[in-house]
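Colleague: The structure is given below, and queries will be raised subsequently.
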Amino acid sequence: MAGNIAAGPLSGIRPALPLLAPAYLWLTLAIFLPLSAMAFFSFMTDLPLSGKDWSFTIRNYAAFFSSGLYVTLLWSSLRLGLEVTLWCALIGFPAAYVLAKVLKGRSREAIFLLVILPFWSNGLVRIFSWAMVLREGGILDVVLNAILPFKISVDLMYSYPAVIIGLVHSYVPYMVLTCYLTLQAIDDSLIEAARSLGASRLQVLRRLIIPLAMPGLIAGAVLIFVPVVGSFMEPRILGGRTGTFYGTVIEDQFVAVFNWPLGAALSFILLAVVLVILAAASPVLRRAT
Amino acid sequence: MTRLIATLTATTVFASILVFAAQADEVHVLNWKGYGADEPWAVEAFEKATGNKVVNDFFNSEQEMLTKLRTNPGLYDVVMINAAFNDQAMSEKLIQPIDLSKIPNAADISPDKASSPMLNHDGKAYGVPWVWGLTALAINDKSFDTPPASISVMWDEARKGRVVIRDDAVEAIQFGAIATGQNINDIKDMDAVKAKLTSLMPQIRTFWSSENDWNQMVASNQIDVGTYWSGSADRAKTQFKLPVSLVIPQEGSVAWLDAFSIPVGSKNVAGAEAFINYMIDPKFYVEWVTKVGAPVSANEKAVAALPEESFNRKVMGDPEVAKRIQFQAPITDEQREKYLALWQELKVNVK
């Protein structure tokens, strides 16, 4: 067995090469090269293609620390990421449980389809549909007032809750899918055994199901947290005047003022902070998985 | 692998031949999207009249426009540049002098615009004035019985949460300068501007970035008043039939001048001249205003061809209005970065 493993990497890599090469070539081309170009830009005073003189500098990174502005923004983006992840877990986990353990056959397929349906529509379309629902005189407002006996005014548009709603909607399928996979792998007889030994439903959930499903929950949380911290489209469209986040400021640097070096530096600081957070959390994560 | 490379090379060569062959009579135009030069009826009429084919490309900010010129030398034949950026484009050698004798309609451009120091350097014209307009206020007609006269309506407590401003640092700071009675091109008291804009923030519903944002918010009756471009307000009324009116407040407003230039290395200068001539032609302008809505033409004959009661002739041509407006002058990169830092600070502190 030991010999097998030792020989494995060497003898195994050659036949695997034709299978691996396309993916790695593609990753090198599509991710590594642009990313290293951006890393290069982030140390420049100006883009070489602007025709102006340029030199190397760390000014762009210093800009992050020179005022409290970017730190405040980064902090509010991290908070946004945590909140969205939490809501996704609260909404997604029960749904995944029902999918994996309660529903069977066709009804499961149908519900599963509904969960991944959002992936089939364009992100921008989804956000603009939320804009129609959330605004004053929008769909939610009209429907609630038609049902409820008293008059209320629902105007969530251009607010922090609107950003949360839009982001949770976009990312909850990730949580459902990752949790579904781990929940499905839990042997039903384990649950039956726990029940027959006198564990209450809550105890089964707390001591059996959640610990066993933890890898899925964590994978989902990482998949959601990382992109949400850098999100810019949802905050910009749904957030109104409260919609300025770290991601929107990076977007401004690229699109509005064409200061690519600063935008790139801000992006790498975000990347570093996210990596530090994941690294700091990794002992906890490893224990859980 | 060799065959793959051969195929790829063949494809590339073939594609570049295609591009080269097609370039002969093409006029490549760089402009904002939906800003006159890409109107299908106009492109069709121009192509029919001159035999040139128009290829439109677009930019989303002046910085992007300059970058596209720098990175694609020789690609564009006509570029639309805000006069405040003409100087920068010229000094970077991105645009070339224009022979106005080849553009017959240029003779009808109002003398003050044609001779603008922003477009003329060393006695040579680097830009042909096309249209000018204002960044003023526009109101939702449903929310006002009588249009407001003063810029202070933006700070009116009764309008709280129903005010919008564009998400643009330079525009916002210059708007603040007007509200505090300062010269937009020489802001002496930046603290006053900052204080004034800080007190505006709680009023704001959202920051708009495109015409579409603004029009949708009026269509769904979510806003009362906001900063808007004069041409866009006209389009909202004419093309989209929205209850929008432009207000030029008594405190004044920011004016800008848009001009056409010919980039250095243009492969079809004759086509470019013909296109510019067509763009400043009264016939095109009247059709643009009637069908779509547009800013004010720099061509006096074109404005005179509008109906007497039309907004662009009556209000924008009013000498009283002319006294109140301030034309944007060039801004240095340092100023722009300073404005952006201030604007971002204001936006972050609002939370």
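Using N, Cα and C of the backbone, Cβ positions are placed for all residues, glycine too.
Quick paste from TrEMBL:
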type	residues	note
DOMAIN	A:74-281	domain 'ABC transmembrane type-1'
TRANSMEM	A:24-49	transmembrane segment
TRANSMEM	A:61-78	transmembrane segment
TRANSMEM	A:84-103	transmembrane segment
TRANSMEM	A:110-133	transmembrane segment
TRANSMEM	A:158-183	transmembrane segment
TRANSMEM	A:204-226	transmembrane segment
TRANSMEM	A:262-285	transmembrane segment
Colleague: Go through A:61-78, A:158-183, A:204-226, A:262-285 and flag the stretch with the largest number of C-beta pairs under 8 Å relative to the transmembrane segment (A:84-103).
Modeller: A:158-183
Colleague: The transmembrane segment (A:61-78): which same-chain residues, six or more beyond its ends, come within Cβ distance under 8 Å?
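Modeller: Cβ under 8 Å, 6 or more out: 42, 229-230, 244-247, 249, 262, 265-266, 269-270, 273, 277.
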Colleague: Can you say which of A:24-49, A:110-133, A:204-226 has the most Cβ pairs under 8 Å with the transmembrane segment (A:262-285)?
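Modeller: Per the Cβ under 8 Å count, A:24-49.
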Colleague: List, by number or range, the same-chain residues at least 6 past the transmembrane segment (A:204-226) whose CB is under 8 A from its CB atoms?
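Modeller: Contacts with the transmembrane segment (A:204-226): 81-82, 84-85, 88-89, 92-93, 96-97, 171, 174-183, 185-186, 190-191, 194-195, 274, 278, 285, 288-289.
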Colleague: Would you mind listing the long-range same-chain contacts of the transmembrane segment (A:24-49), meaning Cβ under 8 Å and 6+ residues beyond its ends?
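Modeller: Sequence-remote neighbours of the transmembrane segment (A:24-49) are 55-61, 260-261, 264-265, 267-268.
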